[in-house]
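Working notes, beginning with the structure itself.
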Amino acid sequence: MPPQTQAEEAAIVASGIAAFNSEMEQGSGGKEADGGRDSAFTMKSLLWHGGSAWDAWFSCASNQVANLQVAQVLLTLPYSFSQLGMLSGVILQLFYGIMGSWTAYLISVLYVEYRTRKEMENVSFSNHVIQWYEVLDGLLGRYWKAAGLAFNCTFLLFGSVIQLIACASNIYYINDRLDKRTWTYIFGACCATTVFIPSFHNYRLWSFLGLGMTTYTAWYLTIAAVVHGQAEGVAHSGPTKLGLYFTGATNILYTFGGHAVTVEIMHAMWRPQKFKYIYLLATLYVFTLTLPSAAAVYWAFGDQLLTHSNAFSLLPRSGWRDAAVILMLIHQFITFGFACTPLYFVWEKVIGVHDTRSICLRALARLPVVIPIWFLAIIFPFFGPINSAVGALLVSFTVYIIPALAHMLTYRTPSARQNAAEKPPFFLPSWAAMYAVNAFVVGWVLVVGFGIGGWASMTNFIKQVDTFGLFAKCYQCPKPQPPPAPAPQQHH
């Protein structure tokens, strides 16, 4: 490209970036941002209308530890430690946490790039929520859009399914008068009310409460396990089998895979460019919850966890445990909304009601999304194996491979790198270094996460189906004790 043409192109892009920055300083989201400024100190704004960096941090941390995941990650990490062993469990948490933060950073960069280009074309997003598949479409074309849409929607669908399963599993520990399948029916109806929450702007209060609830639960698990002490005859034999090892590793891969809602959280921010390092800060906080709790529970119960994927099942019943279960139930309701909201947006766009301002009309249109989720939760009532399978087959691509490849292809030409809305970060200032890191992420996750992890997870998943069958009425429930034999009658 001639130097003069490059200079002109760079000047045009720079002016577009400046305009984008100006708009972000004033507030993102058109009418929503205006509402935020006009009513900055009202109760509605305080509790309902979020968009600050703190809101994004609470959403990321809350969503990550629930991750679509509280019950299925915070409560199943000890199960993963029993498969991996203590040392591997700690190392893999740190490794995948850093890798997940890197790909979240890549997604944020691609969002800003896409939004900058669209702003230069005078496209308005005043009543439209940008989603990941639209970013891929705008930067790389329709085939990437199709891949992003397929992987993201499937991942979020199963993430929502896992929340319902986890609700039934947890409530059973404080009320076993109803079986888990009946509890799934009940919580499916309760979670359907999330259709009335318009967007991630409106999760301010819920994100704050959700993170507080998971913090309590994580430290309850840690303290309760230490107070309980090691179970009699406890053994820590993991890792013992290659299949179990990679199943546990894939579950940890999934732990830091909350990226399916990253773009929607960014779009709900008044200044999306601040998101770049928010996910990393959220991950550092999540480490303070997941590492102590998983290590303590595994130290206390060891190999018993191999047959108890939910940590609550081994801790003695108490008021503290019941409080943790109830808080998890509330947070699972919140996380169900987190997982379903992007699906709601996609469905609204398909049927043409996304731009409407009627909350009731949008809620009615969203109901068909909840029904298949409810049905799948009844078919597959075992969330530990589902975690690993979803991690290997879906999260590998959605969270790691697609963002890394998309970043490499978006900036593959010299002109794209020169005119990039976001330059390489200060800690990795070379484009070549970024390409090397992205290539490592793609190679590692494709071989270890998708390949070996997929084999191990699907083997474990199929084994669970064969053992318990579909539509299990009460998965992993203790068998009822037989009635005592009548005392022999004495003959005189």
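A Cβ is built for glycine as well, from the same backbone N, Cα and C atoms used for every other residue.
Marked as domain 'Amino acid transporter transmembrane' by TrEMBL: 49-447.
If one looks beyond the transmembrane segment (90-112) by at least 6 residues along the same chain, the residues whose Cβ comes under 8 Å of a Cβ in the stretch are 20, 60, 77, 84, 130, 132, 135, 139, 249, 252-253, 255-259, 262-263, 266-267, 272-273, 275-277, 279-280, 283, 286-287, 290-291, 294-295, 399-400, 403-404, 406-407, 410, 421-422, 425, 437-438, 441, 444-445. What TrEMBL records for 90-112 (among others) is transmembrane segment.
Sequence annotations record features per position, and here TrEMBL assigns transmembrane segment to 149-171 (among others).
The transmembrane segment annotation in TrEMBL covers 183-201 (among others). Taking Cβ pairs closer than 8 Å, the transmembrane segment (183-201) reaches residues 29, 32, 48-51, 59, 129, 160, 163-165, 167-168, 171-172, 261, 264-265, 267-268, 329, 332-333, 336-337, 340-341, 344-345, 359, 362-364, 366-367, 369-370, 373-374, 377-378, 381 in its own chain, all 6 or more past its ends.
Per TrEMBL, the feature transmembrane segment maps to 208-231 (among others).
Look at TrEMBL and you will find 243-265 (among others) tagged as transmembrane segment.
As annotated by TrEMBL, transmembrane segment applies to 277-301 (among others). If one looks beyond the transmembrane segment (277-301) by at least 6 residues along the same chain, the residues whose Cβ comes under 8 Å of a Cβ in the stretch are 53, 56-57, 60-61, 64-65, 73-74, 77-78, 80-82, 86, 89-90, 93-94, 97-98, 100-101, 104-105, 108, 214-215, 218-219, 221-223, 225-226, 228-231, 234, 236, 255-256, 262, 308, 311, 314-315.
Under the heading transmembrane segment, TrEMBL lists 323-347 (among others). Proximity of distant same-chain residues to the transmembrane segment (323-347), defined by a Cβ-Cβ separation under 8 Å and at least 6 residues beyond the stretch ends, is recorded for 59, 62-63, 66-71, 75, 129, 131, 133, 149, 152-153, 156-157, 159-160, 163-164, 166-167, 170-171, 173-174, 187, 190-191, 194-195, 197, 199-200, 203, 206-207, 209-210, 213-214, 216-217, 220-221, 260-261, 264, 312, 354, 362, 365-366, 368-370, 373.
Summarising the annotation, TrEMBL assigns transmembrane segment to 359-383 (among others).
If you look up TrEMBL, you'll see 389-411 (among others) marked as transmembrane segment. With a cut-off of 8 Å between Cβ atoms, the residues of this chain six or more beyond the transmembrane segment (389-411) that come close are 99-100, 103, 106-107, 109-110, 113, 136, 139-140, 144, 147-148, 151-152, 154-155, 158-159, 162, 250-251, 253-254, 256-257, 259-260, 417, 420, 431, 434-435, 438-439, 441-442, 445-446, 449-450, 453-454, 456-458, 460-461.
Under the heading transmembrane segment, TrEMBL lists 432-456 (among others). Packing against the transmembrane segment (432-456) from elsewhere in the chain are residues 99, 102-103, 106, 242-247, 249-250, 253, 388-389, 391-393, 395-397, 400-401, 404-405, 407-408, 424: each is 6 or more residues past its ends and has a CB under 8 Å from a CB in it.
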